[in-house]
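Please read the structure below before turning to the comments.
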Amino acid sequence: MIKVEIDEGSGFCFGVVTAIHKAEEELAKGETLYCLGDIVHNSREVERLKAMGLITINRDEFRQLRNAKVLLRAHGEPPETYQIAHKNNIEIIDATCPVVLRLQKRIKQEFRKEDFEEKQIVIYGKNGHAEVLGLVGQTGGQAIVIESAEEAKKLDFTKSIRLFSQTTKSLDEFQEIVEYIKLHISPDATFEYYDTICRQVANRMPNLREFAATHDLIFFVSGKKSSNGKMLFEECLKVNANSHLIDNEKEIDPTLLRNVKSIGVCGATSTPKWLMEKIHDHIQLLIKD
């Protein structure tokens, strides 16, 4: 008998849960609701909310909008978004994650200090990611984004550095960057770093590694756009080479189910629990066949 188990620690983080709840609440009123960008980096959940009436728009479409209601997702937005909304009489339903909001405020405070010209505000994150765009926006576009310790080489080590992190990045990689900067910063410059990684995300990594290591086969469920999904899937691979990234049940290769005694189903902070349950049930059907 093959055991199939869902990782109880996987699924939406509280920021995403709040954003989806706010969307459902507004849609239940029967009014038109727009969302600036995909509410979550999971196509199946986006499709579910679209069926309920949620209209996803891009930034160009947002700029053309007038007298409407727009949901801002958990990732957060730059100040410009709120300015456009005010100008165009757009009602904002703000679902920015409180962890992201606190980070935005800290970066803005650092940017407004008198000695800004003498230092660099550096953000460890994915270039172009929605959260990172919102963070860089707090500095009027002047923050430097780096994706790795390798990219830290482009920094000016004769100038002081203030380092922040996208909330969903790897704690280990953040520490690597910290050590690299400490090693190369000029004695005349100062270096301060702020561990701004969400603990709900960071704490998942050891638990996920443990879960992946206890099963013969892992199906990691995540949208292909999810930055957090890619990072967590890599953690699964480190402890279990028989880990496979899938977006939905149709991507399961039935031949993988041969000669295994236990299968684990887990996912990213952008993966809905209902989708993992659907995949669990689909695996059970394949096993019976």
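Here the Cβ of each residue, glycine as well, is placed from N, Cα and C on the backbone.
Since this is a predicted model, take the numbers as computed values, not measurements.
The [4Fe-4S] cluster binding site annotation in Swiss-Prot covers CYS13, CYS97, CYS198, and the record cites sequence analysis as its basis. Sequence annotations record features per position, and here Swiss-Prot assigns (2E)-4-hydroxy-3-methylbut-2-enyl diphosphate binding site to HIS41, HIS75, HIS129, THR167, SER226, SER227, ASN228, SER270 based on sequence analysis. Among the features that Swiss-Prot reports, dimethylallyl diphosphate binding site is placed at HIS41, HIS75, HIS129, SER226, SER227, ASN228, SER270. Here Swiss-Prot flags HIS41, HIS75, HIS129, SER226, SER227, ASN228, SER270 as isopentenyl diphosphate binding site, drawing on sequence analysis. Positions annotated as active site, proton donor by Swiss-Prot: GLU131.
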(message) Are there recorded positions among CYS13, GLU131, CYS198 that sit within 10 Å of THR167 ((2E)-4-hydroxy-3-methylbut-2-enyl diphosphate binding site), Cα to Cα? If so, list them; otherwise say none.
(response) GLU131, CYS198
(request) Please name which of the recorded positions listed here, CYS13, CYS97, GLU131, CYS198, is nearest in space to SER270 ((2E)-4-hydroxy-3-methylbut-2-enyl diphosphate binding site), Cα against Cα. (result) CYS13
(request) May I ask which of the recorded positions CYS13, CYS97, GLU131, CYS198 is closest to SER227 ((2E)-4-hydroxy-3-methylbut-2-enyl diphosphate binding site) if we compare their C-alpha atoms? (result) GLU131
(message) I'd like the number of other C-beta atoms within 10 A of the C-beta of CYS198 ([4Fe-4S] cluster binding site), please.
(response) 22
(message) So if I measure Cβ to Cβ from HIS129 ((2E)-4-hydroxy-3-methylbut-2-enyl diphosphate binding site) and keep only same-chain residues at least 6 apart in sequence, which ones fall under 8 Å?
(response) HIS75, GLN166, SER227
(request) Check the binding-site residues CYS13, CYS97 for other C-beta atoms within 10 angstroms of each C-beta and report the one with the most. (result) CYS97
(request) Compute the C-alpha separation of CYS198 ([4Fe-4S] cluster binding site) from ASN228 ((2E)-4-hydroxy-3-methylbut-2-enyl diphosphate binding site), stating it in Å without decimals. (result) 11
(request) Please list residues from the chain of the residue listed as 'active site, proton donor' whose Cβ is under 8 angstroms from its Cβ, counting only those at least six apart in sequence. (result) HIS75, GLY76, VAL100, GLY125, GLN166, THR167, THR168
(message) Using a 10 Å radius around each Cβ and all protein chains in view, which of these binding-site residues has the most neighbours: SER227, ASN228?
(response) ASN228
